[in-house]
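Single-structure report; data block below.
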Amino acid sequence: MDFPKLFLHSSLLVLHFAFSSSKDTITINQTIHDGDFLISRENNFALGFFSPGSSRFRYLGIWYRKVREQTVVWVANRDDPINGSSGVLSIDQYGNLVLRSYHNQKVPIWSTNVSVEVTDTCVAQLLDTGNLILVHDRSKSNVWESFDHPTDTWLPGMKLGLDRRTGMNRFPICWRSADDPGTGNFSLQINPKGSPQFFIYWGLVKKLIWHEKDGKWNEFRSMPKSTCDPYGHCGTYGICDPDFLGRRFECDCLPGYEPKSPRDWHILKDASGGCVRKRLESTSLCGHGDGFVKVANVKVPDTSAAVWVSTNMSPRDCEKNCMRNCSCSAYASIDIARKETGCLTWYGKLMDTVHNGAEGYDIYVRVDAVELAEIAEKWNGFLKRKDRLAVLVISVVSAWFVIILFTYLWLKKKKKKRVRNKWNKRWLDTIGSVENQVEVENQVEGSMSHPEIAFFNLSTILAATNSFSPANKLGQGGFGVVYKGKLSNGKEVAVKRLSKDSGQGIDEFKNEVLLIAKLQHQNLVKLIGCCIQGEEPMLVYEYMPNKSLDSFFSVNETRRSILDWRKRFDIIVGIARGILYIHQDSRLKIIHRDLKTSNILLDEEMNPKISDFGLARIFKGDRTHEKTNRIVGTFGYMSPEYVVFGKFSTKSDVFSFGIILLEIITGKRNNSFYEEDFYPSMIGKNQYGFSKVVPVSSLLVLHFAFSSSKDTITMNQTIHDGDFLISRENNFALGFFSPGSSSFRYLGIWYHKVREQTVVWVANRDNPINGSSGVLSIDQYGNLVLRSYHSQKVPVWSTNVSVEVADTCVIAQLLDTGNLVLFHDRSKSTVWESFDHPTDTILPGMKLGLNQRTGMNRFPICWKSADDPGTGNFSLRINPKGSPQVLSIGV
């Protein structure tokens with residue numbers, strides 16, 4: 001059962017009341033003649049006399065002022081037009097708005113007709129909402145308003161439905177025609193009877209938005225959307241299917257019923273006459289073997305004739321309850337708020353049943369014993385036919401499955417062999433190109449031939465790694481996974497399995513084989529051999545039992561304690577020797593381009609060895625630098641000129657070495673977040689501290705200006721009057737402000753990009769601060785607290801929530817949705833958010849209403865005035881009681 005949305009609101013709802021004596025008001029001694037106008041303060045609406053379409057009659061109405069196409073939203077004398085331009089609007093001696101004609105001053109054409117106690121101070125004002133109000137100028141209390149008497153237009157802020165306290169029923173009624181705004185035949189009403197339901201009895205409802213560029217109204221939403229939307233389209237006991245493409249007619253009868261007029265149904269396609277029960281005279285629906293038939297996934301019938309038996313009753317008990325009453329024609333067992341199951345029963349005729357797909361409910365329609373027997377017989381016959389058909393289908397499908405499976409396996413084996421041969425040839429060609437390159441370089445440099453490389457069979461690698469068992473996995477990089485292995489001679493190795501999905505697999509393989517095989521140094525990892533069988537080539541290295549250097553920068557204190565200052569110094573020196581070798585002392589001048597702690601391996605004696613030369617580049621001749629358009633490497637370790645301009649040289653590796661040096665000294669990983677600081681990298685954190693602690697004159701630290709995130713505050717930070725939090729995309733700002741002409745200060749959130757300050761949330765709305773002494777911070781209990789310098793002990797405002805872990809792990813952040821959230825930094829769980837405590841504005845993403853689980857009720861409350869954001873007299877709430885419904889009823 002669909003619960004309609006009964007509240008129309010824009011994404012920004014600001015309840016604003018303002019009164020003035022400008023051109024938007026008339027007093028008891030003023031008049032509005034034909035040709036005069038009232039214009040609302042912001043020029044949104046105008047009130048005056050007009051003639052609709054081709055009509056010559058004059059009417060008093062309200063229309064959009066800024067819209068070029070005159071769009072009338074309210075008419076006073078819709079059923080009593082004025083002949084000619086003799087109309088005059090005024091406030092009479094009784095305090096009522098009165099419309100008269102010069103030709104007949106005694107009999108008013110239209111009047112507000114309300115009882116006003118004090119008449120000498122009454123003022124009529126046209127608001128920017130399009131509402132014409134009659135108020136006491138002194139008390140500002142409303143005597144009458146046009147929003148209580150809509151014509152054919154439903155404006156934002158207008159209420160519809162029955163006010164049970166006053167008895168007033170507000171609903172719009174359409175015009176008779178485009179030339180006549182008189183009372184038409186269709187209205188939009190909320191039916192106060194029955195259970196929650198949405199009906200369109202007849203007519204058309206449109207929601208329009210003015211498009212300034214096109215200069216016309218664009219239809220945003222309209223009803224009805226399908227042929228089944230109008231009320232009772234298929235008559236009594238009929239059911240409508242909006243997806244009737246496979247049939248010739250959208251209407252059908254409920255089980256146990258047949259068309260009342262077959263001719264109207266099958267020839268005229270008119271089902272408004274509905275259906276009648278089969279065997280109406282010969283069988284009974286009470287105590288003679290009758291029962292219920294399930295009709296699945298429907299919008300339930302009109303609930304005006306339905307009764308809620310209980311909001312907590314099982315389906316079986318609901319069926320028994322309906323069976324005991326001979327007048328009960330159907331029942332439904334419906335989930336209520338996904339917690340309990342209620343019982344809804346119908347008495348009398350079933351009207352407006354519609355198929356609703358997966359979102360519908362199941363209803364059970366009462367039928368006689370004969371109908372039950374016929375349905376059971378049809379079902380049994382269907383099952384028998386289904387069984388015979390199933391045997392035939394299974395036999396045919398099984399035979400085809402065996403044939404297809406055999407063909408698939410044969411083709412797959414053939415393809416796999418072809419692909420394997422192709423890849424083997426490709427990698428053999430790669431090795432050939434490597435050997436040729438080495439020979440050429442050797443000839444140029446006049447050195448001895450390249451070192452021998454062992455070639456392993458795939459079976460040997462599989463046996464060594466236990467078929468690449470997850471238990472042997474050492475780590476994973478950008479080009480593949482590394483496994484620990486043990487050769488038949490007992491030697492432990494590390495096998496790097498290059499991924500076939502990597503676009504750089506071939507280049508990395510060539511670099512690894514060419515460079516590491518040629519380079520021999522105690523601080524470079526040794527390449528033992530390779531395997532080029534299959535689609536994923538593999539490289540075999542010497543095994544490093546102490547793994548990579550970054551594994552020591554973990555939360556495991558035992559592992560971290562192994563790195564004393566002596567070992568750290570030796571590791572730094574070893575890395576420097578390895579870099580010096582590839583830059584200067586080797587036969588090839590090589591730039592590594594991916595130096596980082598995870599690529600520094602440690603042997604049994606904690607000697608460092610540089611690994612992973614997949615991204616390395618060879619510098620020939622006397623070249624000192626190169627440039628590339630393809631930036632590869634690890635952020636946080638790449639030099640600025642390489643990241644920004646693509647330039648790299650030996651200095652690029654020196655920069656990476658500097659980052660590694662900082663990591664070794666601090667024992668912390670780069671690019672990791674630590675609760676005691678907000679620096680996104682080691683450089684920002686240590687650019688000041690290391691100048692005092694580590695006097696290394698040759699260490700060049702490049703500093704980038706990072707600041708703590710301006711959209712967050714932590715427990716050691718404060719927001720003073722004049723400071724701001726700005727959301728990441730600059731959508732919203734948080735700070736102190738003074739509304740209107742007020743001298744008090746409030747903490748609030750407003751749109752940052754909108755020139756006119758539009759406040760959407762206020763923290764201390766009922767406790768203003770006198771002067772600019774406000775300070776926002778997070779206290780020792782993990783709460784956001786607003787205090788004044790004049791009274792530090794008593795907070796002005798606080799989130800007042802219970803935080804389990806309050807020490808250094810609670811952060812407040814202003815999101816780009818306008819939501820201020822307080823959360824645990826470790827678990828990222830939200831402790832408190834401003835969206836749960838709205839002021840007077842509903843923002844996109846904000847929830848309203850009662851949370852049945854937590855008991856929290858979210859609703860906005862208007863400001864007291866434009867100068868005072870304190871709690872006002874009006875709020876927007878969703879009433880959890882009663883049965884909300886919207887009806888469009890023919891008049």
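Glycine residues also receive a Cβ, built from the backbone N, Cα and C atoms like all the rest.
A TrEMBL annotation is a machine prediction, not a hand-curated record.
The disulfide bond recorded by TrEMBL for C234 joins it to C251 [selected from C251, C253]. Around the Cβ of C234 (disulfide bond), a 10 Å sphere holds 28 further Cβ atoms from the protein chains shown. Proximity of distant same-chain residues to the domain 'EGF-like' (224-263), defined by a Cβ-Cβ separation under 8 Å and at least 6 residues beyond the stretch ends, is recorded for 199-202, 204, 269, 271-278, 293, 295, 298, 302, 349-355, 357, 365-368, 371, 375. Note on the transmembrane segment (389-411): none of the residues of its chain located 6 or more positions outside it place their CB under 8 angstroms from a CB of the stretch.
In this structure, the CA atom of K496 (ATP binding site) is 68 Å away from the CA atom of C251 (disulfide bond). Following the DSSP three-state reduction, the secondary structure of C251 (disulfide bond) is strand.
Within its own chain, C251 (disulfide bond) has H233, C234, G235, G238, I239, C240, D241, W265, A271 as residues 6 or more apart in sequence whose C-beta sits under 8 angstroms from its own. Packing around K496 (ATP binding site) is summarised by its Cβ count: 25 other Cβ atoms lie within 10 angstroms of its Cβ, all protein chains included. When the domain 'Apple' (286-368) is classified with DSSP, helix, strand and coil residues number 16 helix, 42 strand, 25 coil. Secondary structure from DSSP puts K496 (ATP binding site) in a beta strand.
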